[in-house]
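So the structure is just underneath, and the comments pick up after that.
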């Protein structure tokens, strides 16, 4: 069984869409094996998104991700990483397929509701950033 990491971003929390988005994710066959609600500091957001440090949007991304509470989750499913990227849709909601999380709920490319790991390797690294092994529930 494969795992991926997602983060319901501050815009999702502010718009009170946590339940709707989790429902969408679970209906797509994913099992939530870890979840918490946190408020990232700028330092933590910068560390998490360090891979984008040289990109022009890095500062705005760090500011946004530290602007309010977010909900990181570890999800489990066969082919989790690729399937989840399909479920959430393109980064820009204007380009996202109908019925995807971003098409349904996101307002812009910068505030796009949700993060999804882009590879199995990054999913493991990102999951370890937010969760200890004790916080991850083994699926039955």
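Cβ coordinates come from backbone N, Cα and C, glycine included.
According to Swiss-Prot, the features are:
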- 115: active site, pros-phosphohistidine intermediate (ACT_SITE)
- 9, 57, 85, 91, 102, 112: ATP binding site (BINDING)
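Sequence features, as recorded in Swiss-Prot, placed on the structure.
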| residue | record | Cβ neighbours (10 Å) |
| --- | --- | --- |
| 9 | ATP binding site | 22 |
| 57 | ATP binding site | 12 |
| 85 | ATP binding site | 16 |
| 91 | ATP binding site | 14 |
| 102 | ATP binding site | 24 |
| 112 | ATP binding site | 23 |
| 115 | active site, pros-phosphohistidine intermediate | 20 |
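The DSSP secondary structure for residue 85 (ATP binding site) is helix. If you take the Cα of residue 57 (ATP binding site) and the Cα of residue 115 (active site, pros-phosphohistidine intermediate), they are about 15 angstrom apart, rounded to a whole number. In this structure the residues listed as binding ATP are 9, 57, 85, 91, 102, 112; their two most distant Cα atoms lie 21 Å apart. You'll find the Cα of the residue listed as 'active site, pros-phosphohistidine intermediate' roughly 9 Å from the Cα of residue 85 (ATP binding site). According to its DSSP assignment, residue 9 (ATP binding site) is coil.
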